[in-house]
Amino acid sequence: MATTTPAADHRDPHIILRLLLAIVLVPLLIIGAGTAMGAGIAPLVQPVADFTHRVDSEVLDFPPLGDIIEGYVADERSVVLDANGDELAILRSVNRVNVSIEEIPAHVQNAVLATEDQTFREHTGVNWRAISRAALGNLRSGDIESGASTITQQLIKNLTGEAETTIERKLREAVYAIELEQNATKDEILEIYMNEAYLANGVYGFGTAAEYYFSKEIGQLDVGEAAMLAGMLRAPNANDPLANPRNALDRRNIVINQMAEAGFITDLEALGFVVDAPDTATDEQLVRTLGLNISEIEEASEPFFVNYIRTLLRDIPELGVDADARERAVLNNGLTIRTTIDPLMQDLAQDAITDVLTDPDGPQAALTSVDPDTGQIIAIGFGPKEFGSGPGQTEVLPAVPGVGSSFGRQPGSSFKAFEIVAALEAGVTPTYTIDTPSPYVPRGHCANSGWRPGNYSDGGGGSMNMARATAISSNVYFAHLVDEFTGPEGLADAATRMGIVNTDLFDPPGPAESPICAAVLGASEVYPLDMASAFGTMAAGGVHCEPYAITEILDRDGNVIYEGGTDNCTQAIEPDIANAATSLLRGPIENGTASRHGQVGRPAAGKTGTTQDWKDAWFVGFIPQVSTAVWVGNEIPTTMVDNRCGRVTGGCLPTMIWGNYMRSLIDTMGWPVEDFPPPPRFPSSIVPSVVGMTESQAIATLAAEEYAGQATTVSDWRPAGTVVEQNPPGGSEAPKGTTIVLGVSDGTGERPTVPSVVGLSQAEAIALLEGLGIDVVVSEVPVDDPELIGFVVGQRPEGGQLVLEVPDSNPGTPDIGQVIIEVGRERTEDDPPPSSETPTPDPSASPSDEPSGEPEPGETDEPVGRPGDGDGEPSEEPSEQPNPAPTDPGGGDGSGDGDGEQPPEPAPAGRPGGDSSDDG
């Protein structure tokens, strides 16, 4: 139905209004004069004069309406959809579904016209006859208290928001109504009117009302239903069919009769639709008589995710100039918001959590899962409490930034994954092997910080390479990496490039924008979403795809106004680095801290994490198809204890949840087994010994063998610039390109005294002396007592004396400190017979008295190297049994971890909350 605008008078509406006043008021004056003769004419003339003066001075002094139809859009609710296109939530300030005039059946339109404006198709905005009738009744008061507004005038009132009943407002409406009818068709006016109409219970517009009251589309309404809705227009609350069903039924019947009077239906048809109900009918019976079938708007099926979507929408510039404008657009512009959330994966995430955590009053969990190849967020699980502010619900859910928590949680040793990347980028290779005594005393980037991280116990962790340190989560090994190689800045840089962006890593106590060393053990708060995304960078071969939850936004006309996930992927780290890091991170699952619960029947990589006092526990892991992070902790951070694992660590509850989710996901999705790309090969060679050289000589010597030298200054008594130690040591095997850490003397240390090593085994003596920076020369001597074989029977200098200063055999190199130890060996026939007493070495003999070139009898041709320079893996494997709570939970001593994780470390001084990190 397309009704065109009737021929209209296009004169200035102000002129028309003056003609209106003349047409209406002059006859009234004449009529009034006759009725006022007995009382005198003054009482009537004065209100008319006052009225006309007010029109000229106040009412007519306003700007023209302009074209309010062009670009007019009624407020309309927006809808949020999941990845399958199913509704997740309705976002609205008003509950309105706009419909076009073509969608509104004629009998629905006619029901409105019959009760509100039967001459709508004929008048030009104002019903002159009705105005005249109403004017006489209102004249004496000087105000307009009732009457005669056309649909066009009512629409003006709705659009301008002016509700006060005054002469000025009524006359202004008349002017604007005439102007509107000059610029819009009847159908355009009626469409807007029926979409703007308020119909009680928060419902706006006839399209929404059809859905709400009858669970129908507007095209499915019959005459009786249309009449009930039209009957609500004048008094929506009084004629509300839910609150006042008797009034609604009476008004419905009146409208039906009005439709018959106006010729829209026949009298016979009207009789068929009019329904009477006895006075004794209950409200429930009346509701049934009206045929109501209420369709309530359901609460969001995923309230946490929907709240997260709303926070994201505030940052999308396509929706408005600022956050407030964008919020208004979301609530009023009828948008369709498509998201990445997969309901199937979401259910799997929820089930994985509630299968492990069954006590709502116990620890809570958050799980985030992303597609590494695209950055799509496919699931955000939480529990066992539901998200919300009601009884038994929680609003503390640190899963994503912006909702659920104003800060993340400390990730513990799961953050070591980023130091792996930073160290590999710095040239450290996976075979880099060091001893890991506890506590670690920094002397490089972290020197003078007061930071003293420890291993699982006060004892040393043994000699280990990066692979073993990753599997068992050695604090000392990773503290050494950040201290000697990358610095905290290198760690922060790698973490940021990989996706850790919502963190306090760059805002610690101390110098502004200076990351702290303790971050390597997880002392900075992060969100599971960032952790899943950053680990996904390794799964994607070093490509980081910024995580996103909104795929596209459509306007009310179906036009795409925003697309997510475009240009969101960048090469954050080199593929070889990503593949090497992934290979190392397979260790915790295959033979380390996550091996008990993290197996998923295919190649997987990940890292556990536990914070100080067992307040937070994590597992973050991935397969090629998906990356998932799980956090477990109390709403207020406190120590967690569980009968399945004692003090809760990352290798227990979080890994259980992660394993359950990943196994279910793999089975459900039917993903084929896919292996990770192989790590790069690092050609190996024997590391040259450079102890005793100058720094420049040492670096040049290493470079000639394709090794990198990294010098650190150490306090030592030997001449400044002398290399007094190296790691890995000379004679060990290491891949080409390995960075060799050189300890270079500053010449300020005191010349040490020699400890007594007589009675120690050869290995113990060498370890003790070399640990003091003393070069050891081993001289084997025959002994008769079998128990002395392999043990030190003599030394020079003796214990308590100053270390020997021995010129190096290389001309031009500085002196070094040396101790000669005599180690017992089995006597042979070629050995001379034993003397009656053992001669005591003369401590005053100078090194120049020693023979040079040829060894003494019983000496080897070369000094015996330090034993135990292999991979040095500890003899103890991670326990497979639950570990009871330890008797000493103090930071740095040991946390008790059934999965072999390292103990928590105290936070650096001044750290908010005191939660540093550690574990494994």
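Cβ atoms here come from the backbone N, Cα and C positions, even for glycine.
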Residues flagged as region 'Disordered' in TrEMBL, choosing from 442-462, 589-609, 715-735: 589-609
Helix-strand-coil residue split for the region 'Disordered' (589-609), DSSP-based: 3 helix, 5 strand, 13 coil
For the domain 'PASTA' (749-825), the number of residues DSSP places in helix, strand and coil: 13 helix, 32 strand, 32 coil
The domain 'PASTA' (681-746): DSSP-derived helix, strand, coil residue counts: 10 helix, 27 strand, 29 coil
Integer mean pLDDT for the domain 'PASTA' (749-825): 82
